[in-house]
Amino acid sequence: MSQPLHARFATRAVKNPMILEKERQLTDSKYHILVAATGSVAAIKLTLIVKSLLTYKGVDVQVVLTDPARNFVEKEDLTALGVNVYNNADDWKNWDGLECPITHIELRRWAHLLLIAPLSANTMAKMANGLCDNLLTSLIRAWAPLKPILLAPAMNTLMWTNPITQEHLSAISRIYKNSEFIMPIEKVLACGDIGMGGMAEWRNIVGRVADKLQLEQKSVLPNAVKNIDGQDDDSSEQTAAFEEYDDDDDDDVDDNEQSNSMIETSANADITPKASLLPSTTESSISKDHETSQAPLGSESVDTQASENVTTKPEPPVPFTSSEYRNTEEEQYLNLIRYILENGQSRPDRTGTGTRSVFAPPQLRFSLRNNTLPLLTTKRVFLRGVLEELLWFIHGDTNANHLSEKGIHIWDGNGSREFLDSRGLTDRKVGDLGPIYGFQWRHFGAQYVDCDTDYTNKGVDQLAQVISTLKLNPYDRRIILSAWNPLAIPEMALPPCHIFCQFYVSEPCKPGGKPQLSSMMYQRSADMGLGVPFNIASYSLLTHMIAHMCGYEAAEFVHVMGDCHIYNDHLEALQTQLERVPKAFPKLFFKRDAKDIGSIDSFSVDDFAVEGYNPYGPIKMKMSV
């Protein structure tokens, strides 16, 4: 009996060695993942996707690039990982008779799953209409109906919302029964549009593949994170050219994902290698482990008036190279500042300072996976202040003096005699802020007397209910924490700015893994200079803490804003911040197990270890009261 064509393709000598596959790869019980990229700036994330896929057990990856995609991907970055890369020229040039392989057929036979990320509007249209004018579209047309296809569209907002696109989505879903779309996300695009269209976060794309194939990650000893060929996450040199862009006119850009990886490791952390070489490749040079540096929480030297009291000279941005991290999640924040500066309306405000403001900008999304803590790096955020304030909220405390005694002065202005009197709270002692955040979290509906009264078992303990529901009924759609109580607002020194948080549990990313906990916070009034960096860190910490107490893994923090503004006296300081290139976010670890902590009330500052926080210096900004 003659050998099957795909086996001959794997073993016989053909003119182009790039399409050779060893026979063991067809019978090796490995997961064969074919990753394709089309013409979109989002293709700069391809190397990150491939690297991450290679951190799973028993995975082999091959790559197909359309001709436009080759403008954004360095082939050498992929081949250095032991990955074969194919393009249109490889489809028929080796065919000189009936026994010769046809590349798009052989790749289809080899693959267990096809991932197209990004999927441009052009390729989507071809797929919906059955065109096969290049290697990828021919492969799609020849795809076995029962094999899964994962599709991550990316395009301009108006292209995504065009009715033709919706027809194409429906047609593809109808024709390819085992196809799934990884929907794009909302963001500020480079062309100036605001809305849906950017490719989904690359880590979420990898997670969908892992979930589909039920992949398990490789395990390594701590401190074994190494880079292939000395390269870090953003290995494409093209990345520098697009560091501040979000899309292009035809095929999308993607910058809502964090491209940095762990640069420090905890001695007790079980982490995953960034990539491993395939057995069939030659030995590759491995970079040395990054040195570990830890910033103790108690070592913050900045006494805060909203956390920023030290002025430093601007540090010039350094161009990205292929061996540097690119923190695209912090770039969301910086790009929103740019958008407000360019498009914001001048508005008066309660404090008399004046602002530039926009309403309901695209949400910001921050990955919390792998112990990530989104603590901004383009200025030093007063981490101890964030933690102490959060614990103060959790305890239901409303006395600003308790923070001041610890050197945290962010509430001093609102608790002053002058400010309380201006609010008509003349009977309150200095520092008594009334039934603000923590009181609503722990005693919602209780009658407020003063900050010294014992409110034990009074009102609704929303935070305790959140944790209980997450444990007992994690898929409940009413897991809500609200600080907005209209009846109590007249008694508050300052009505809450961040008013509403919802929690959401999703399935583990891999078999045997922990459920994933995400949170979404709505902020009615968002001070981009001082408040928002604090709020991002605070709610990310809260999500990590609740996940820790529930035995879950923190997954994502989503930040939704209403009146999003920049105070006029912050303009110069923020221009300095915009000149800085974001660095990698730090990692958060807990020093005690949940059972040793006991309850959410028992956390202390000493329970937190934040590693790898290496920000630029602080930037002085005045707090408007």
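Cβ atoms are placed via backbone N, Cα and C, with glycine included.
Among the features that Swiss-Prot reports, region 'Disordered' is placed at 224-323.
The feature compositional bias 'Polar residues' is assigned by Swiss-Prot to 258-269 (among others).
If you look up Swiss-Prot, you'll see 293-312 (among others) marked as compositional bias 'Polar residues'.
Annotation source Swiss-Prot lists dUMP binding site at ARG350, ARG477, ARG478, ARG524, SER525, ALA526, ASP527, ASN535, HIS565, ILE566, TYR567, citing similarity to another entry. The number of other Cβ atoms within 10 Å of the Cβ belonging to SER525 (dUMP binding site), over all protein chains shown, comes to 20.
The DSSP secondary structure for CYS497 (active site, nucleophile) is coil. CYS497 (active site, nucleophile) is surrounded by 18 other CB atoms, counting those within 10 A of its CB over all protein chains shown. Per Swiss-Prot, the feature active site, nucleophile maps to CYS497; the stated evidence is similarity to another entry.
Look at ASP527 (dUMP binding site): DSSP puts it in a strand. Note: ASP527 (dUMP binding site) has non-local neighbours CYS497, HIS565, TYR567, SER624, i.e. same-chain residues 6+ apart with C-beta under 8 A of its own C-beta. The annotation (6R)-5,10-methylene-5,6,7,8-tetrahydrofolate binding site is assigned in Swiss-Prot to ASP527 on the grounds of similarity to another entry.
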**Per DSSP, three-state class assigned to ARG478 (dUMP binding site)** = coil
**Asked** Once near-sequence residues are set aside, which residues in the chain of ARG478 (dUMP binding site), 6 or more away, have Cβ atoms under 8 Å from its Cβ?
**Response** THR469
**Message:** For the binding-site residues listed here (ARG350, HIS565), tell me which residue's CB has the most neighbouring CB atoms inside 10 Å.
**Reply:** HIS565
